Amino acid sequence: MYRSHPLSASLRSIRHRPYFRSVLYGCLVVSSVYLLYRFVNPTYSIPIYSTSSWTDPFSGDLAESYVPAVETSADVWLGRAKSVKLSFLHGYHGYERYAQPNDEIRPLSNDYRNNFNGWGVTMYDSLDTMILMGLENEYNRAMPFIEKTVFSLPDGEFAPFFETIIRYLGGLLSAYALRKDDILLRRAEELAEKLDNVFATPSGFPLFGVNPNGQVVGPEIGILAEIASLQLEYTTLAKFTGKKRWWDRANTVIRALDNADLHKTGGMFPIRWNLTSAQPFDTHLSVGAQADSTHEYLLKQYLLTAKTDKANLIMYLRATTHIIAELLMLSPKRHLLYVTDTTFSTNEHKGRPSHTFEHLSCFLPGLLALGAHTLPLDDLASLGIDLNEIGNESMFGRSGKSYKLLAGYNLKTLHMWAAEGLAQTCWLSYADMPTGLGPDEMVMYTVGDDRWGKTVDGYKEGGGYLWMDAIEKWKSSGARGAPPGVGDKTPVIYTEAERLRGTLRTRDYSIRKSGYLLRPETLESLYLLWRTTGNDKWRDRGWKIFESIERHTKTPSGYASLRSVEILPAVKDDDMPSYFFAETLKYLYLMFIEKDPIPLDEWVFNTEAHPLPVIRWTQAEKEAFDIQ
Ligand SMILES: *[C@@H]1O[C@H](CO)[C@@H](O)[C@H](O)[C@H]1NC(C)=O
Ligand SMILES: *[C@@H]1O[C@H](CO)[C@@H](O)[C@H](O)[C@H]1NC(C)=O
């Protein structure tokens, strides 16, 4: 889910203060004592890693496999799940004590803030996590507030529609799905009613913001993530209430996306859209900020409708084909697979790759894994789909070549490789840091055309980059395992001196935004990689990240965003976003409990990690809603 954030921390002044070194040593002593304590604590075990066969053959001595030598017992996983639950309680009790019924707690000052309408967003975002964790008391204390929230705003203020839908409406619908408390559905529908004027555009795409009194606000040019991340919520609302009007809201957006002219962008949706004409306004492509959840909702709407709305599937296949062929890149030395965006452009010709890699984009490996897990990607013909027909050069110009290229591969394997490789890089962006937490934005080093999926005639040894058909040659030579960019790699942690010198390039990237905003995307992907592959290494990594969150972000009343992941001791910001409860802790919890209460073939997570049940329309609903 896209969220902009004003933070872009540069802590140069702090780095050079003379007392910094002694603070660092103090911190080392404290953390050693802490580690010793954790080590003798019986619910805690440090996984032991050893090398094994699944390595990146092209990464030379940087490659090392991470597979636990000792299997972690079920008891230990249970203890870990319990630790996550305790963290939830710690943060939520801080919110209840200092901030309720306002939006979010400020975990350093114990102040609060109203950044999402002031209706108590932390409660709404937390409800379903409480239900899943079995936190009856907290749930029961929240419900009277939920019941009496007044969904109103002063004149001239506006609810940001996108954030309000994914957090408030998504939270209410998910809690209702998990526990049929009627008040939840009543509040959900009332909220949707009060926001409904936002759709007063010729295209049916929503405007940016709306006041429950009916006033709306927003430019004619809308942002992709903000105008097309409502399909899951409104479809679910239609199912739960039996009302066609909510389905129409979702369906109008889906049909508009399906009818859009994408000949300039290879079948992928760009960021800016004209809300009058329902057509793209630019050719700026991204899977990160301002775009992410729309790509996500293509696959998820198909899954939510029990794989019946095929237009969404085809749009998903087009988007991922373009992403895999054009936006996946390989870094020069470590062969880190990453996804980038293009520079702004409204031209016929797309912008150039920017080589930035955002934390927000780390949902993509999980999405690709979910797609590979749930779709017959290796047999699209069984669905009557031919990649060469849904995209080709007569439709998309030069970009159309990607379809032919990918049609030559086992698409399931290819998507899974991409998922694993991207998840490796997201994980490494954490493991490379002294805090064990990943930065918000990196800029990857480049040696020119770094596209992972480009085909050329041969693999140029020493050239620093590798191409798809080189992968094929390598495979047919009898090598086993996955292609470059996919396997495990060894973290590279700069020492304090190396970091300050600032000249080392062994990590293959520099950091542009060094904060960690308690974001969920990497954990979300680790969760989905674990669920879809069954490989414990992914949840082991989840546990390591959780330990880092505990170690570096905890405050007496909650958890705080970090200003920089590169500095010890970590410097905190007075900020605890509601998505930490909705997403970050939920995915961690689901990763560690043994029984899966949210099977991926029965539930679909919205972009705020609120699970919604798969919908099977009855014949009567199909007729009433006019669903083909
Ligand atoms: C949006 O599309 C409408 C209808 O085609 C057009 O009149 C309008 O000028 C466009 N707006 C912008 C900002 O391009
Ligand atoms: C290209 O796509 C169009 C539209 O689906 C289709 O009619 C046409 O046959 C395709 N061309 C080739 C060469 O497959």
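Glycine is treated like the rest: Cβ placed from N, Cα and C.
Any TrEMBL annotation is an automated prediction that lacks curation.
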Legend entry - Of the candidates C27, C362, the one sharing a disulfide with C426 in TrEMBL: C362
Legend entry - Cβ neighbour count within 10 Å of T607 (Ca(2+) binding site): 26
Legend entry - Packing count at C426 (disulfide bond) (other Cβ atoms within 10 Å of its Cβ): 30
Legend entry - C426 (disulfide bond) versus T607 (Ca(2+) binding site) - Cα distance in angstrom: 18
Inset, instruction - Using DSSP with the three-state reduction, classify T607 (Ca(2+) binding site) as helix, strand or coil. - result: coil
